[in-house]
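Beneath this line is the structure, given in structure tokens, with notes to follow.
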């Protein structure tokens, strides 16, 4: 009897010791986990506070006076997923560029041949290119020669180099307009707003440097380019009224096409791709349901032959 009591006492002692050890380990593990969670929450809070503070500084710095007034969103006819450029507007926009913008700005990345079939016929573009002279190979004596333009040539700029452009514009460099729509935040909305956003007089208290003009959509509000579009400044070939907004819309559409001449073909190809992939997807569903499902779910039963007696 005494031995039985001793065994029971020993078992209880061991079980209590094991329980206390396990409880202590669990307690330590819980405290460690709690510390890690607390540290993670604190780090996340510090990171969030830092980001919010930096964002507040950026928001204070990004004022309309420094970064320009935000251009409103306009309903451009080519913005939809299935919409294409208004090619009549591209033709009118080229006319505005040639008669107004080409005096200062270039289109170095646009070749004459890209206009064929988009806004002009082959003969029209060929005649326009031949109005300009390009450098040709020198003659036998090494003297430089000139030749009429060809469809493969690029539209020439108004100045031979950057120094000449700055000298003619009081030190300001007119940007190339080939990619201007893609190079400016807001794209077409910004270009249209900039062209039509010149007020008659700058706001009271705004001091402009000599030779500058005020435009709220330009960063800083001071721009070297003066207002260039006025009503009836261009006589459109198709008889469209040449209002300031109409000319700005047309030349913006033309510049958007210059920056993205593959726009229409890209959307056309995208539509074809969606149709083909959708058809293949439906075909795969049919194959899965009516052809592959039976193969995938079938079962083979093997009945071993009975041994012969």
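For all residues, glycine too, the Cβ spot is worked out from N, Cα and C.
Of the listed candidates (225, 233), Swiss-Prot assigns 225 to the same heme c site as 101, 104, 105. Swiss-Prot assigns the feature region 'Disordered' to one of the listed ranges (131-168, 169-206, 245-282), namely 131-168. Cβ environment of residue 104 (heme c binding site): 158, 165, 168, 169, 174, 225 lie under 8 Å away, each six or more residues apart in the same chain.
Each of the binding-site residues 101, 225 was scored by how many other Cβ atoms lie within 10 Å of its Cβ, and the smallest score goes to 225. Taken residue by residue, the compositional bias 'Acidic residues' (131-140) breaks down under DSSP into 0 helix, 4 strand, 6 coil. Per the record's binding annotation for heme c, residues 101, 104, 105, 225 show a top Cα-Cα distance of 11 Å.
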